[in-house]
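See below for the structure under consideration.
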């Protein structure tokens with residue numbers, strides 16, 4: 001039998017169209033990075049205008065993370081049912097609506113609802129683009145493509161944070177969300193024009209006209225077409241979440257979810273609370289945004305370095321090392337620094353370690369889950385793990401509110417990375433994903 005579509009993509013050189021598809025996934029993740037952290041840049045202004053406590057602010061900072069948890073699970077499954085591309089388009093529409101509604105919020109309840117809506121779209125987007133970046137890459141560059149895609153998240157925070165600092169110097173916090181909504185809307189036509197449906201998805205799910213759509217995309221890529229599609233193996237026909245907890249995948253699903261849940265709590269403590277912590281130390285909100293930008297510059301560097309190293313070294317061990325360093329650096333962040341420059345430097349190192357571990361976990365999702373449940377598995381792990389993301393800012397706010405100092409709060413929040421490290425040590429070598 002002639003080569004099947006998945007084999008053609010896995011064994012051939014990556015063409016321009018594939019590189020463009022992965023690059024667009026990077027930009028979509030950058031968009032997610034800005035949309036998630038927009039509330040962090042706006043938080044000092046919101047707290048001052050509405051006179052809200054740290055505890056209440058922690059809840060607001062977590063609302064889109066709760067939405068991301070739900071969106072990752074539900075829309076991750078949707079991506080496996082109706083396709084990656086239409087799910088991404090749906091998520092963009094939800095994100096646009098949420099971002100544009102925030103400036104019109106009349107209180108914390110409305111603001112929380114609109115951030116929850118934005119989070120639904122972001123969560124589904126993350127699961128879909130993680131699968132898409134993997135499925136448009138060949139076997140040699142798949143892990144690197146996923147880690148570079150994940151590096152888009154801090155890239156969005158860097159660019160968005162820099163722009164937010166300029167906006168905050170001229171306008172109030174609402175300008176951040178008007179800007180974010182407009183940029184998000186621009187991606188709808190880009191996805192329609194530049195991001196074809198995943199060939200692996202079409203091959204596994206076999207929607208109407210699958211062969212014709214696959215061959216059309218293969219032709220656009222410059223690859224040979226296929227005359228027929230192989231029969232779907234019986235074992236790949238199990239549906240959805242039930243397969244994630246089959247004997248072959250249950251242990252992988254649980255341990256990856258625990259690892260992501262625990263570490264993402266640490267990760268979002270840093271990303272969500274830096275601006276407010278810096279303002280409370282006596283600096284202007286525009287300067288606080290600069291410290292968060294420094295953390296994300298470090299995060300992007302960590303993402304790219306881990307991606308390059310993963311081509312030659314075992315990804316799981318790289319992530320385990322990054323998690324250990326994340327615990328140390330986040331704890332050190334809590335000790336406080338004498339100057340704004342030193343605070344920015346420590347934040348950058350903490351961002352380097354925490355973000356490299358996050359993108360390494362994304363790569364482990366791709367390596368561990370087979371194609372037919374890759375978006376579902378990624379969505380489940382991210383979705384359940386977002387509980388840790390939501391818990392991080394809330395728990396930190398509660399600890400601050402009850403009188404704990406920054407050093408104690410940072411040590412408690414950093415412990416999530418240690419829990420994640422133990423989970424990955426228990427995981428063993430991930431299976432080769434189909």
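Here the Cβ of each residue, glycine as well, is placed from N, Cα and C on the backbone.
Residues or ranges marked as transmembrane segment in TrEMBL: 20-43, 55-75, 87-106, 112-132, 144-169, 175-196, 248-271, 283-305, 317-335, 341-365, 377-400, 406-427. Annotated domain 'Major facilitator superfamily (MFS) profile' per TrEMBL: 21-432, in sequence order.
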Contact between the transmembrane segment (406-427) and the transmembrane segment (175-196) (3 or more Cβ pairs under 8 Å, separation 6+): no
Candidate ranges 87-106, 248-271, 341-365 - greatest C-beta contact count to the transmembrane segment (317-335) (under 8 angstroms): 341-365
CB contact flag for the transmembrane segment (175-196) and the transmembrane segment (20-43), at least three pairs under 8 A: yes
Highest-contact recorded stretch vs the transmembrane segment (283-305), from 20-43, 55-75, 87-106, 112-132, CB pairs under 8 Å: 20-43
Average pLDDT across the domain 'Major facilitator superfamily (MFS) profile' (21-432), rounded to a whole number: 85
